[in-house]
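Copied over from Swiss-Prot, here are the features:
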BINDING   G42, P43, N44, G45, A46, G47, K48, S49  ATP binding site
DOMAIN    10-247  domain 'ABC transporter'
Amino acid sequence: MTDSALDRTLVARHLRFQTNGRYLTDDVSLELNCGEIVAIIGPNGAGKSTLLRLLTGYLTPDDGECLLAGQPFSHWQPSALAKTRAVMRQHSGMAFAFSVQDVVAMGRSPHGRYPKNDDVVQQVMAQTGCLELATRDYRHLSGGEQQRVQLARVLAQLWHPEPTPGWLFLDEPTSALDLYHQQHLLRLLKQLTREQPLAVCCVLHDLNLAALYADRILLLHEGKLVAQGSPADVLQAETLAHWYRADLSVGSHPDYAIPQVYLRQ
């Protein structure tokens, strides 16, 4: 891998993480490249959120290594890492009263006194449909509104005046969103990965959303990476029925050459 390619890649090798004698992540190796969306799927308890925490540096593996742009997380200065890697957790509550605009502006804190911070906040709020929420108390928003605000925050965190490699990690970002906002969020992420050197890695339970928007899919089961590849490679009826233990079928999307998953009654 060339130096320029290395600068745009996160590499995980043989990651293992255990607790109470049980491996939550077991010998997982993968790459996340700028310019793509990667979806992590799998049944409940598969280890999806644990893997995400290992890939972001919030957990240290018992074995294996994770290199962001060629460097282990321990070699990164916190301020530089915060401007390169952003994480949207599954639940992001606030104990105190902050306006939506204040929450989004928190994403700019690693950038110090950049003169256009306010402009960046307005831009990402517009992109995520949060402008009309700007003065609202974050604590009083619906779950879906809070998810949109948190997306704006992490986009603000990774915004740079010049194209700069970045990695965005999202844990179930569509779980509280209605259909319109699911589509809007994932279309926005797709657009950003095409326009910027940005890698997006997200945990998704909706397999059809993963098929529509992900460039690659990683299927986990009991901490192991049991399948990876394009949506067509991974979302096959036999594979999904085996690992999800569900009665299902897989067909084709009416408009695109991608699979769609259907549950049987």
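Placed from the backbone N, Cα and C atoms, the Cβ positions cover glycine too.
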Of G42, P43, G45 (the binding-site residues), the residue whose Cβ has the fewest other Cβ atoms within 10 Å: G45
Which listed residue (N44, S49) has most other Cβ within 10 Å, given these are binding-site residues: S49
Env. residues of ATP site, Cβ within 8 Å of mean position of G42, P43, N44, G45, A46, G47, K48, S49 Cβ: L220, H221
Averaged pLDDT score, the domain 'ABC transporter' (10-247): 96
Surrounding CB atoms that lie within 10 Å of the CB of G47 (ATP binding site), all protein chains: 22
Neighbourhood of K48 (ATP binding site) by C-beta distance under 8 A, where only residues 6 or more apart in the same chain count: I40, I41, G42, D171, V203, L220
Sequence-distant neighbours of A46 (ATP binding site) in its chain (C-beta under 8 A, six or more apart): L220, H221, E222, G223
